[in-house]
Amino acid sequence: MEYLLHIAVMVCLYSILATSFNLLIGFAGLFALSQAAFYGLGAYTTAILLVDVGLPFPLPLIASAVVGAGVGTLLALPALRIVGDYLVVVTLAFQIILVEVAMNWTGLTGGTDGISGVPNYQVFGLSLDSPTSFLPVALLVAALCFWIAWRLATSPFGRSLRAMRENESAAVSVGKNVVAMKLVVFAFSAGLAAVAGSLFARYFNYVGADSFLIEETIYILAMVILGGAGNLVGSVLGAAILVILPELLKFIALPVDIADKSRLVLYGLVMVAILIYRPQGLLGERKTQARTRASSGPGGGEAAAVPLRASAGAAARGRTIEGRGLAKQFGGIVAISSLDIRLEPGTITGLIGPNGAGKTTAFNLLTGFLKPTGGEVLLDGSSTGALKPYELARAGVARSFQDLRLFTKMTVLENVLVALPGQVGDSVFSVYFRPAAVRRDEAANVRRAREVLAFVGLEEQLHETAENLSYAEEKLLVVARLLATGADVLLFDEPLSGLDGATLQEIFPVMRRLAESGKTVCIIEHNLDVIKELCSVVYYLDEGHAMAVGRPEELMADPELAERYFR
Amino acid sequence: MKTLLRPLAAAVMSVALVGGLAAGASAQDNPKSYKIGAILAMSGKANWYGKVMSQAIEQAVDEINAAGGIDGVPLEAVIEDHKSGVAKEGVAAMNRLIDLHDVQAVLTSFSPPTLAIAPIADEKGIFLLNGGGVSSALIGASKYLFHNRSLASDLGRAAATRAHELGAKRMAQLAWKSDAGESVIKAVEPYWTGTLGGEIVATESMEVGATNIDTQMAKIRASKPDVLGLWLFSPDPGLAIKRAREFGMKMPIIGIEYNDQIAKLAGKYAAGYEYTSDYFTPAEGGWAKKFADGYEKRYGEQPEFYAANYYEGTYVIAELMRRAKAKGIPIKGDKLAELLRENPVFDSVYGGKMTFQDNGVAKKRVALFKVDDAGKGVFQHYIEVK
């Protein structure tokens, strides 16, 4: 019986590790390879504090969580600037370094001998020194850790994490502070893994570096992938299967000398088969459809098309954004030079020009995605130079991207929800300590998001995943997402390209109503019919600067421009 | 979700059922067999150890059963895998052995899993016998843990004694980055620089199974030692000997292990290599020869001393079980330990008797060998550590 309970304890430990790792990989999209290092860090912290210092319960457990979270945050600092392969390299290096330190800092960690004799938990004089007595503690801590991870993942903060995973720059463009989000999720993931490490030390009474090698990180990663990245229940299932399966294979009688090697092969085959038939993992990413439906509450039913001012919230403040003498060089290449541009409220300004003229670069400069090498950007007369892109978005300047950058694995509703500003649930403190306020705010946000979607005519696709939308619907969703930011300055990068005439006729009124509501709208567009239909002012950009400014018909009548562009 | 959980639950229940049945059967007063467990490196990068140890255990069990078992009850070995030294795998294996097979005695190997299962042995009263792990941290890890292998620290000090005999003063050492390698460094350094008055001029470490140690060799050569100590285990001394000679180092090389694998890796450079070891040789005749012949007949190769230790260990446990039955006391791990302490003298497959000391380590002769031009280790003499 104790054998079965031992397996259950191991499932608990690995459930914590897999769910915490899933926060990082499945939700935040940060492919880090150092989970076993944090696991080990927690184990060593508890072992050292118990064996060398003799701290009483629960201080070693808390200390492990704090040390894990702290080191996780420190590790995230260099990771803030890097993604993809480089993040893998940095975290892999950390994993290796930690093991090396554990094996070499003999005075602290016991070196290769490790630390043995870690005391068991004592409850009312009873020593929890067997799987039977330890299991309740393991279950309790695993449940608590799961709740912590679950609460974070299903909160508006978790939604923002998934948006960051889908497209970091798009998340920034709707005002998400991805740097802070990365720090927080690293801290949570590492802290929870360290808690598992603390349990490990207490359960095994022995901590050695061999238990926290890169192979262990890969093992945990396999649990996440098997269960389904982005699904915490899947992580628990993945942990249970990968812990139990090898034990079940033990019951296949094989010759002694090849038994365990053969079981490893069988184990691998089972894994391969599962991933062939369920590449998204056993459970796949959880949809939040039901929750958002439920939380829409009274008045959150199918929203009728609503007037712009109501939907966009947009008692627009009438804001002007201006670029003065803007210049941007990439090495020896001049992308923008001496560009003066002024976008007025209540008007739709067009940016036209041939490919490579600098239109998108101008957007990047106005929205802070690029820092100018000359000139400045002013919002209502104040320089925006010190503002980061997400701060500028929060200050009221939002943009879309030529390649849309939707959060493709998220629903239409979530794409809009994530862009709503000032959400109570974006604060981790509120997620855990003000749940009622988060719920109320979320219900209101769902209503707002539905209004915005009704405004652009996407109310029917509310729970559709963005990747399943038609191209025209994707374009509308881009508009909706931008509207949801509540920004007064809206910069659209080719929002209407590739759409047929009928669809354009559906979108034109939307764009016009935005301007009528007092918003400052700017579009980059190649379709001159669209320009003529929508814009009251047009900048003609070529070779990085504005060659002409005026009303569309004026520019199109210019013989030189006609020769260069309109022909 | 439910459809996934259902077969999983059924599988777990199956395990429970099998476990329950196993425990039930073993609880009988007259068991069909006495089971002993072994937790070995049956997979992973060091699986060679598991192979030779398990082979020797199987041979010993077959011989004991052919001779009537434990007073008519056959002995049965249950081999478990710690995946080349992973602590948690050792604990899982220990739990399986206790729960599913009700074993009371376990042959263990490698230091991390042995250290991890030691508390379980203490709690459950399970007799442990280690014939492979060499870390000094193992001493005293459990009151039921015994060792029938000379620990690496003893072998290292013996090797240092030999280096001193050769007149060396400046020692460079290359050790495994493991508990085993480090425990030798810990034992040798104070002995060499204190008791023997030598100097350590370089200390380098290498990963277990590393294939490139040129950086370490370059540093060792630069330190100009007059003896090189290899605190490595199979098969890594082979590579170290080969690279040291290829780097042009001509000083004596002395280590603490040598076998066919090492010989194969070292090739022609093995000649002249000296090493200290538990001295197992079929040339002792008697039981040693019988074991070696039987082993070669079964597996087509000469036994290593690791095989000898686990073969011998199986006999030690069988003898303790017999003593328990003779006294009419139950065959329980804690009782086996008591019986061993009561009379710590056992026949040794190495020849003669071995005696378990108060620290749980069997006192064996440490011998010096020198590899000849044919690549064979030739016994030189026994070494007495100062």
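Residue 1 is the first one shown; counting continues down the chain.
Cβ coordinates are placed from backbone N, Cα and C, and glycine is handled just like the others.
Caution: TrEMBL annotation is automatic and unverified by curators.
In TrEMBL, the annotation transmembrane segment applies to A:37-55, one of the ranges A:37-55, A:474-492. If you count C-beta pairs under 8 angstroms between the transmembrane segment (A:218-244) and each of A:6-30, A:61-80, A:134-153, the highest count goes to A:6-30.
Counting residues 6+ beyond its ends, the transmembrane segment (A:61-80) has Cβ neighbours under 8 Å at 30, 32, 34, 38, 41-43, 45-46, 49, 55, 87, 90-91, 94, 179, 182-183, 186-195, 197-198 in the same chain. Beyond the transmembrane segment (A:87-106), the same-chain residues lying 6 or more positions past its ends with a Cβ under 8 Å from any Cβ of the stretch are 30-34, 36-37, 40-41, 44, 75, 78-79, 112-113, 209, 212-214, 217.
Listed stretches A:37-55, A:134-153, A:183-206, A:264-283 were compared with the transmembrane segment (A:6-30); the greatest number of C-beta pairs under 8 angstroms is found for A:183-206.
For the transmembrane segment (A:264-283), the list of distant contacts is 222, 224-229, 231, 233-234, 237-238, 241, 245-246, 249, 252: same-chain residues at least six beyond its ends, Cβ to Cβ under 8 Å. For the domain 'ABC transporter' (A:321-566), the model's pLDDT averages out at 90.
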